[in-house]
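TrEMBL has this to say about the protein:
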BINDING   94, 125, 146, 191  S-adenosyl-L-methionine binding site
BINDING   192, 195, 196  Mg(2+) binding site
């Protein structure tokens, strides 16, 4: 399976890329098109600034412009030909990775119709619920949270159409606020979200705080590479019009090294990584060892 290809090769390269003092120096990922490494250090400067008491100051990870952007198209979440069509098309592949990794980690049978029974999952940045609903159908106890109130209203309305998905608990809130409420989950999932937050490091710190010890964290995003600029922005937004113009900001993308380092500092160890590759011939996405554009990681929270 493609995800197995990415489970070890990329992680070996990434682990060798991060030295004791957390400098990124992997020749596996170095190329002349990469943004300067100083970008990585700017990501962490605000999130990990020490307070007068020696702890960390928790700042909001939200971008007001991003919230307004998604609020303007919230009513189209379940339009399979609308602005969120790319996510609908990608969903089966995202779910395949989630099913495989979570079943392996929690010792569940992936061949069962409802393999996630007994697992508490929070879908952070759930949007209209296009990921929360299939997770609920697979037996998980699902909580979906989003900072855009319109998204939550749409998600609730759609979930109530099916008795199985009507059990999903939706809240208009943030990961940070859930942490303040001392909420804990077996698995924390945030797909295509981190590239839209103002402070990725602080965001991941909140995800880690929501995860029980030895629990799972899954994040998917877009690599900051010239290939991603050409495909995810120029092609997807301006040529093919798959996404509204301005959906993504290239400088907000994270490289795999950066995401692994951020998670490592948040007490999460990345165990598995895979790429998503789109085939224009079939119109489908598949799991791959190619992480140059879209990629997804599975990590576990370290027991202390």
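Note: Cβ is positioned from N, Cα and C throughout, glycine not excepted.
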Most crowded position, judged by CB atoms within 10 A, among 146, 192, 195 as binding-site residues: 146
Which same-chain residues, if any, lie at least 6 apart from residue 94 (S-adenosyl-L-methionine binding site) yet have Cβ under 8 Å of it: 131, 191, 220, 276, 296
CB contacts for residue 125 (S-adenosyl-L-methionine binding site) [other CB atoms within 10 A, all chains]: 23
